[in-house]
Amino acid sequence: MDNLAIFEEFNSKKISQDDLEATIISLNNYFVKLNDLNNQYLNLIRQDNIDKSKKQNIKIQRKNTKIEINKIIATTKLFKQNIKLAESMYKKIKSSNNQDDIKKAQLEVDNAKSMLIQFKEAINGQGKSIKLKKLNDVAIEIKNLSFKYGPEFPNAIDDVSFTINQGEYVTIIGHNGSGKSTISKILIGVLNAQQGEIRIFGNIVHDHNIEQARKFLGIVFQNPDNQFIGSTVEADIAFGLENKRVDPKKMPDIILDSAKKVGMEWALKKEPLNLSGGQKQRVAIASTLALDPDIMIFDEATSMLDPKGKREIKEIMVQLRETRTKTILSITHDMDEILNADKVIVLDHGKLVRVAKPLDIVEDKEFLRNIQLDVPFVGLVREELEKKGIKIASTQNIDELVEQICKK
């Protein structure tokens, strides 16, 4: 049998890296389920009047979950067999004296041993060592999420559920205290919800894998001054890349490309403190883009900027939307900003009260005023024109509004 045939036979039987990751994901999900069941059980037995049937049901679920975990742990022997398979293949290849093939075969042996180590680490760490993959095209899925800042406080987030698909531009709006920014803090792991489930591209997010889940996310905060670390724009963009352990040889191209996307390539050698508010925020966006997150969260990213700065950031967000390569979640109380979104999620006192297209929200002026939100400028102009008997068709921005008025 020649070397090619030996490799083909080995490849048809070996455990691949994808097989390992799928196994660890399954293990991870069972550990999450077991942890949830344990918490349910503890909460139940603390109650004065214990529901015995519910208690028994949880005990059965815990037992079954442990059985599934043990089944997966038992596959350790398969990873050991995989090493033997690789070593057997290596011996056959070694006899050929083909140095390139011998190196290739040795790499397969090393990979097989590495996979066993990774699997054992996953068992010891309850699955937290897994590198998360996209399991579906739902960028963010939130189910029955609730959070309060302390037992004496009401829910800041109260049984909220929604989904955001990959490539969508979604805004979350609400008055101060509605829970908008609390959701962003929960998404990035700064806060832990007391109830509910968050999935990022199908992966359940929990304490064990939050660091991995964060790699899907990039966030731009309200105050650009709080986001700078480097002494120059270039150094600031490089900081995140260094933490990510990006190859230093690749960094200059990544930095330049990210700066160009926000029109700040001219400022790479400048100090961030000497830039305007809008320019600083553009650098903050460039720093986030350099890390190439799948989901970009803008948390009140325009609220501290002057009108020119606001316009610049909104234009960048629209450009990102047009590529459909990033999922954009914009948390804002700027009602003019929602007009650029694919859909709008409305919160009021921690509750989700509406999910709709921007124009549907803008047209419902009574709804906006009832939940203490401003009517966008285009909506106010249309309202005043209608009072004077001038009817204008629904418009999504000021340019469309001017065009409609000119036709009258």
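Every residue gets a Cβ built from N, Cα and C, even glycine.
According to Swiss-Prot, the protein has these features:
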{"type": "DOMAIN", "residues": "140-374", "note": "domain 'ABC transporter'"}
{"type": "BINDING", "residues": "Gly174, His175, Asn176, Gly177, Ser178, Gly179, Lys180, Ser181", "note": "ATP binding site"}
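For the binding-site residues listed here (Asn176, Ser181), the lowest count of other CB atoms within 10 A around the CB belongs to Asn176. With a cut-off of 8 Å between CB atoms and residues at least 6 apart in sequence, the same chain places Lys180, His333, Val346, Leu347, Asp348, Ile371, Leu373 near Gly174 (ATP binding site), listed in sequence order. Put plainly, the binding-site residues His175, Lys180 were compared by Cβ crowding within 10 Å, and the winner is Lys180. The ATP site is set by Gly174, His175, Asn176, Gly177, Ser178, Gly179, Lys180, Ser181; from the centre of their CB atoms, other residues of the chain with a CB within 8 Å are Thr182, His333, Leu347.
Ser178 (ATP binding site) carries neither a helix nor a strand DSSP state and counts as coil.
Neighbour counts were taken as the number of other C-beta atoms within 10 angstroms of each residue's C-beta; across the binding-site residues Gly177, Gly179, the minimum falls on Gly177.
Cβ-based neighbour count (10 Å, all protein chains) for Ser178 (ATP binding site) stands at 25.
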